[in-house]
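Q: Once you've had a glance at the structure underneath, I'll fire off some questions.
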Amino acid sequence: TDDSVFNFCICVLCYLSRYLGFLVVDQSVSSTVRLKLIHHIEMPNLLLAFDFDHTIIDDNSDTVVRDLLKEKPTRSHSSSGWTSYMQEIFTMLAAQGTTEHQIRKAVVDLQEVNGFSNLMEYLQNINAEVIIISDSNEYFIHHWLVGKGFVDKVKKVFSNPAKFVKGELKIEKYHVQDWCQNSTENLCKGYILENYINDRKCEGIVFDQVLYVGDGQNDYCPSTKLRETDVTFPRVGYALQKKLEQLLAVGEKTGILATICPWTTHDDILNFIRVKE
(Lines of atoms letter the chains of each structure in order from A and count residues from 1; the text may use other names and numbers.)
(Lines give C-alpha, C1' and ligand atoms only; values in the text may rest on other atoms or scores of the structure.)
Protein backbone atom coordinates (compact mmCIF):
# COMPACT_ATOMS: atom_id res chain seq x y z
CA THR A 1 0.00 0.00 0.00
CA ASP A 2 0.94 3.65 -0.24
CA ASP A 3 1.23 3.84 3.57
CA SER A 4 3.63 0.88 3.65
CA VAL A 5 5.83 2.43 0.99
CA PHE A 6 5.79 5.76 2.81
CA ASN A 7 6.70 4.16 6.13
CA PHE A 8 9.55 2.31 4.44
CA CYS A 9 10.81 5.62 3.05
CA ILE A 10 10.68 7.08 6.54
CA CYS A 11 12.86 4.25 7.87
CA VAL A 12 15.38 4.80 5.09
CA LEU A 13 15.46 8.54 5.71
CA CYS A 14 15.94 8.05 9.43
CA TYR A 15 18.89 5.78 8.70
CA LEU A 16 20.35 8.28 6.26
CA SER A 17 19.86 11.08 8.75
CA ARG A 18 23.14 9.98 10.31
CA TYR A 19 24.74 11.43 7.22
CA LEU A 20 22.25 14.07 6.10
CA GLY A 21 21.51 15.76 9.38
CA PHE A 22 18.77 15.71 11.98
CA LEU A 23 15.25 14.66 10.91
CA VAL A 24 12.24 15.54 13.01
CA VAL A 25 9.05 13.51 12.56
CA ASP A 26 5.73 15.22 13.31
CA GLN A 27 2.59 13.09 13.47
CA SER A 28 -0.85 14.72 13.26
CA VAL A 29 -4.26 13.40 14.43
CA SER A 30 -4.83 11.85 10.98
CA SER A 31 -1.54 9.96 11.33
CA THR A 32 -0.03 11.82 8.37
CA VAL A 33 3.71 12.00 8.80
CA ARG A 34 5.56 15.19 7.93
CA LEU A 35 9.31 15.15 7.71
CA LYS A 36 11.20 18.34 8.36
CA LEU A 37 14.87 18.55 7.59
CA ILE A 38 15.64 21.27 10.13
CA HIS A 39 19.39 21.19 10.10
CA HIS A 40 21.87 19.93 7.55
CA ILE A 41 25.29 18.78 8.69
CA GLU A 42 27.86 17.58 6.20
CA MET A 43 30.52 15.27 7.50
CA PRO A 44 33.98 16.75 6.81
CA ASN A 45 35.77 14.77 4.11
CA LEU A 46 38.73 17.09 3.57
CA LEU A 47 41.49 17.66 6.12
CA LEU A 48 44.06 20.43 5.84
CA ALA A 49 47.07 20.28 8.14
CA PHE A 50 49.17 23.44 8.31
CA ASP A 51 52.57 24.31 9.68
CA PHE A 52 52.63 27.77 11.34
CA ASP A 53 55.91 29.69 10.85
CA HIS A 54 56.52 30.67 7.21
CA THR A 55 53.33 28.82 6.28
CA ILE A 56 50.43 30.55 8.00
CA ILE A 57 52.45 33.56 9.11
CA ASP A 58 55.08 35.06 6.84
CA ASP A 59 57.82 35.04 9.46
CA ASN A 60 59.29 32.98 12.30
CA SER A 61 57.47 33.73 15.56
CA ASP A 62 60.39 32.51 17.69
CA THR A 63 63.01 34.73 16.08
CA VAL A 64 60.66 37.73 16.08
CA VAL A 65 60.23 37.41 19.84
CA ARG A 66 63.97 36.80 20.26
CA ASP A 67 64.56 40.15 18.56
CA LEU A 68 62.89 41.83 21.55
CA LEU A 69 66.13 41.25 23.46
CA LYS A 70 68.06 44.46 23.99
CA GLU A 71 71.36 42.60 23.72
CA LYS A 72 71.90 40.03 21.01
CA PRO A 73 72.30 36.51 22.47
CA THR A 74 75.78 35.04 22.20
CA ARG A 75 74.53 31.95 20.37
CA SER A 76 71.78 31.23 17.87
CA HIS A 77 70.93 27.70 18.96
CA SER A 78 71.42 25.17 21.74
CA SER A 79 73.05 21.74 21.70
CA SER A 80 70.04 20.49 23.65
CA GLY A 81 67.63 21.56 20.91
CA TRP A 82 65.65 24.56 19.72
CA THR A 83 62.96 24.30 22.41
CA SER A 84 65.57 24.45 25.17
CA TYR A 85 67.22 27.37 23.40
CA MET A 86 63.93 29.27 23.28
CA GLN A 87 63.46 28.70 26.99
CA GLU A 88 66.80 30.45 27.51
CA ILE A 89 65.55 33.33 25.36
CA PHE A 90 62.30 33.60 27.33
CA THR A 91 64.27 33.65 30.59
CA MET A 92 66.45 36.47 29.26
CA LEU A 93 63.39 38.42 28.15
CA ALA A 94 61.85 38.13 31.61
CA ALA A 95 65.13 39.25 33.20
CA GLN A 96 65.25 42.41 31.08
CA GLY A 97 61.65 43.24 31.99
CA THR A 98 59.86 42.37 28.76
CA THR A 99 56.18 41.89 29.62
CA GLU A 100 53.68 39.28 28.51
CA HIS A 101 51.76 42.01 26.69
CA GLN A 102 54.86 43.01 24.70
CA ILE A 103 55.57 39.42 23.66
CA ARG A 104 51.95 38.74 22.77
CA LYS A 105 51.72 41.94 20.72
CA ALA A 106 54.88 41.03 18.78
CA VAL A 107 53.28 37.72 17.83
CA VAL A 108 49.78 38.99 17.07
CA ASP A 109 51.21 41.72 14.82
CA LEU A 110 52.81 39.11 12.53
CA GLN A 111 51.28 39.12 9.06
CA GLU A 112 49.73 36.12 7.37
CA VAL A 113 51.09 34.69 4.16
CA ASN A 114 49.08 36.25 1.32
CA GLY A 115 45.73 34.60 0.72
CA PHE A 116 45.38 32.79 4.05
CA SER A 117 42.21 34.65 5.08
CA ASN A 118 40.49 33.86 1.78
CA LEU A 119 41.55 30.23 2.00
CA MET A 120 40.21 29.86 5.54
CA GLU A 121 36.89 31.42 4.58
CA TYR A 122 36.54 28.99 1.68
CA LEU A 123 37.49 25.99 3.82
CA GLN A 124 34.84 26.94 6.34
CA ASN A 125 32.24 27.20 3.57
CA ILE A 126 32.96 23.68 2.30
CA ASN A 127 33.14 22.26 5.85
CA ALA A 128 36.79 21.23 5.59
CA GLU A 129 38.63 20.40 8.81
CA VAL A 130 41.75 22.40 9.70
CA ILE A 131 44.52 21.55 12.15
CA ILE A 132 47.93 23.10 12.86
CA ILE A 133 51.08 21.08 13.61
CA SER A 134 53.98 23.35 14.53
CA ASP A 135 57.30 23.41 16.37
CA SER A 136 56.52 26.92 17.62
CA ASN A 137 54.42 26.84 20.80
CA GLU A 138 50.78 26.78 21.86
CA TYR A 139 50.87 30.26 23.40
CA PHE A 140 52.08 32.02 20.25
CA ILE A 141 49.72 30.15 17.94
CA HIS A 142 46.64 30.51 20.13
CA HIS A 143 47.03 34.25 20.60
CA TRP A 144 47.77 34.84 16.93
CA LEU A 145 44.64 32.90 15.96
CA VAL A 146 42.57 34.84 18.50
CA GLY A 147 44.00 38.17 17.40
CA LYS A 148 43.31 37.49 13.73
CA GLY A 149 39.88 35.93 14.24
CA PHE A 150 40.77 32.38 13.18
CA VAL A 151 40.60 30.55 16.50
CA ASP A 152 37.11 29.11 15.86
CA LYS A 153 38.10 27.94 12.39
CA VAL A 154 40.88 25.62 13.55
CA LYS A 155 39.85 22.25 14.95
CA LYS A 156 43.04 21.58 16.89
CA VAL A 157 46.58 22.86 17.43
CA PHE A 158 49.51 20.52 18.07
CA SER A 159 52.59 22.34 19.35
CA ASN A 160 54.93 22.67 22.30
CA PRO A 161 52.95 23.57 25.45
CA ALA A 162 53.74 27.06 26.77
CA LYS A 163 52.32 29.46 29.35
CA PHE A 164 53.41 32.42 31.43
CA VAL A 165 54.50 31.69 35.01
CA LYS A 166 55.43 34.66 37.21
CA GLY A 167 56.20 36.87 34.24
CA GLU A 168 58.21 34.32 32.25
CA LEU A 169 57.05 32.22 29.33
CA LYS A 170 57.68 28.57 30.14
CA ILE A 171 57.83 26.11 27.27
CA GLU A 172 57.84 22.31 27.29
CA LYS A 173 58.59 19.76 24.60
CA TYR A 174 55.49 18.34 22.92
CA HIS A 175 56.95 14.87 23.39
CA VAL A 176 60.32 13.15 23.39
CA GLN A 177 60.76 10.79 20.46
CA ASP A 178 63.57 8.63 19.10
CA TRP A 179 61.78 6.76 16.32
CA CYS A 180 61.94 9.34 13.52
CA GLN A 181 65.24 10.52 12.10
CA ASN A 182 63.49 13.07 9.89
CA SER A 183 62.10 14.96 12.89
CA THR A 184 63.38 16.83 15.90
CA GLU A 185 63.41 15.06 19.25
CA ASN A 186 60.53 17.13 20.59
CA LEU A 187 58.11 16.96 17.67
CA CYS A 188 57.42 14.31 15.02
CA LYS A 189 54.75 15.85 12.83
CA GLY A 190 54.15 12.63 10.91
CA TYR A 191 53.37 10.77 14.11
CA ILE A 192 50.95 13.50 15.17
CA LEU A 193 49.21 13.56 11.78
CA GLU A 194 48.79 9.78 11.64
CA ASN A 195 47.41 9.66 15.16
CA TYR A 196 44.96 12.46 14.46
CA ILE A 197 43.62 10.78 11.33
CA ASN A 198 43.23 7.48 13.21
CA ASP A 199 41.54 9.17 16.17
CA ARG A 200 39.04 10.87 13.87
CA LYS A 201 38.39 7.54 12.16
CA CYS A 202 37.49 6.04 15.54
CA GLU A 203 35.05 8.94 15.93
CA GLY A 204 33.42 8.07 12.62
CA ILE A 205 35.18 10.71 10.51
CA VAL A 206 37.10 9.36 7.52
CA PHE A 207 38.82 11.91 5.30
CA ASP A 208 38.64 11.34 1.56
CA GLN A 209 41.70 13.52 1.11
CA VAL A 210 44.38 15.09 3.29
CA LEU A 211 46.28 18.20 2.24
CA TYR A 212 49.48 19.06 4.10
CA VAL A 213 50.86 22.61 3.83
CA GLY A 214 54.37 23.39 5.03
CA ASP A 215 57.77 24.83 4.26
CA GLY A 216 60.52 23.35 6.43
CA GLN A 217 62.62 20.22 6.86
CA ASN A 218 60.33 18.98 9.62
CA ASP A 219 57.42 19.03 7.17
CA TYR A 220 59.01 16.18 5.22
CA CYS A 221 57.99 13.45 7.66
CA PRO A 222 54.24 14.19 7.59
CA SER A 223 54.44 14.39 3.80
CA THR A 224 55.69 10.79 3.72
CA LYS A 225 52.63 9.67 5.71
CA LEU A 226 50.19 10.78 3.02
CA ARG A 227 48.43 8.48 0.53
CA GLU A 228 48.47 8.65 -3.26
CA THR A 229 45.13 10.47 -3.15
CA ASP A 230 46.53 13.15 -0.83
CA VAL A 231 48.58 16.27 -1.60
CA THR A 232 51.59 17.89 0.04
CA PHE A 233 52.25 21.58 -0.57
CA PRO A 234 55.92 22.59 -0.09
CA ARG A 235 56.42 26.36 -0.13
CA VAL A 236 58.54 27.54 -3.05
CA GLY A 237 62.02 28.67 -2.05
CA TYR A 238 61.99 27.03 1.37
CA ALA A 239 63.72 23.98 2.85
CA LEU A 240 61.13 21.31 2.07
CA GLN A 241 60.84 22.22 -1.59
CA LYS A 242 64.62 22.44 -1.93
CA LYS A 243 65.02 19.01 -0.32
CA LEU A 244 62.55 17.44 -2.73
CA GLU A 245 64.21 19.13 -5.71
CA GLN A 246 67.62 17.82 -4.64
CA LEU A 247 66.30 14.28 -4.32
CA LEU A 248 64.72 14.41 -7.77
CA ALA A 249 67.82 16.00 -9.31
CA VAL A 250 69.99 13.01 -8.42
CA GLY A 251 67.35 10.49 -9.44
CA GLU A 252 66.35 9.47 -5.93
CA LYS A 253 62.79 8.82 -4.83
CA THR A 254 61.23 11.44 -2.61
CA GLY A 255 59.60 8.84 -0.38
CA ILE A 256 56.30 10.64 -0.87
CA LEU A 257 53.30 8.90 -2.43
CA ALA A 258 51.12 12.00 -2.45
CA THR A 259 50.96 14.57 -5.22
CA ILE A 260 53.58 17.29 -4.69
CA CYS A 261 52.22 20.76 -5.43
CA PRO A 262 54.61 23.68 -4.73
CA TRP A 263 52.95 26.89 -3.56
CA THR A 264 53.86 30.55 -3.19
CA THR A 265 50.71 32.08 -1.71
CA HIS A 266 47.58 30.50 -0.27
CA ASP A 267 45.77 31.51 -3.44
CA ASP A 268 47.62 28.61 -5.09
CA ILE A 269 46.12 26.20 -2.57
CA LEU A 270 42.67 27.76 -2.85
CA ASN A 271 42.73 27.45 -6.64
CA PHE A 272 43.79 23.80 -6.36
CA ILE A 273 40.86 22.99 -4.06
CA ARG A 274 38.37 24.89 -6.23
CA VAL A 275 39.40 22.92 -9.31
CA LYS A 276 39.10 19.69 -7.33
CA GLU A 277 35.64 20.62 -6.07
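Numbering starts at 1 and runs along the chain as it is shown here.
Including glycine, each Cβ sits where the backbone N, Cα and C put it.
Here the structure is a predicted model, which means the values were calculated and not measured.
Residues or ranges marked as active site, nucleophile in TrEMBL: Asp51. Residues annotated as active site, proton donor in TrEMBL: Asp53. Residues or ranges marked as Mg(2+) binding site in TrEMBL: Asp51, Asp53, Asp215. What TrEMBL lists as substrate binding site is Asp62, Asp135.
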Q: Can you tell me the CA-to-CA distance separating Asp62 (substrate binding site) and the residue listed as 'active site, proton donor', as a whole number of Å?
A: 9
Q: Around Asp135 (substrate binding site), which of the listed recorded positions (Asp51, Asp53, Asp215) come within 10 Å, judging by Cα atoms?
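A: Among Asp51, Asp53, Asp215, the ones whose Cα sits within 10 Å of that of Asp135 (substrate binding site) are Asp51, Asp53.
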Q: Tell me the coarse DSSP state (helix, strand, coil) of the residue listed as 'active site, proton donor'.
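A: The residue listed as 'active site, proton donor' sits in a strand per DSSP.
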Q: If one measures from the C-alpha of the residue listed as 'active site, nucleophile' to the C-alpha of Asp215 (Mg(2+) binding site), what distance in angstrom results, rounded to a whole number?
A: 8
Q: Using a 10 Å cut-off on Cβ-Cβ distances across all protein chains shown, tell me which of the recorded positions (Asp51, Asp62, Asp215) has the largest neighbour count.
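A: Comparing the recorded positions Asp51, Asp62, Asp215, the most crowded Cβ belongs to Asp51.
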Q: As a test of the contact definition, list every same-chain residue at least 6 positions from Asp53 (active site, proton donor) whose Cβ is closer than 8 Å to its Cβ.
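A: Set apart from Asp53 (active site, proton donor) by at least 6 residues yet with Cβ under 8 Å, we have Asp59, Asn60, Ser61, Asp62, Ser134, Asp135, Ser136, Asp215, Gly216.
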Q: Give me the sequence-ordered set of same-chain residues, not including Asp51, Asp53, Asp215, with a C-beta within 8 angstroms of the centroid of the Mg(2+) site's C-beta atoms.
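A: Neighbours found: Phe52, His54, Thr55, Ile56, Ser134, Gly214, Gly216, Asp219, Arg235, Tyr238.
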Q: Please report the three-state DSSP label of Asp135 (substrate binding site).
A: coil
Q: If you run the three-state DSSP split on Asp215 (Mg(2+) binding site), which class comes out?
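A: The three-state answer is coil.
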Q: Taking the Cβ of Asp135 (substrate binding site) as centre, how many other Cβ atoms lie within 10 Å?
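A: Step by step: centre on the Cβ of Asp135 (substrate binding site), count other Cβ atoms within 10 Å, giving 24.
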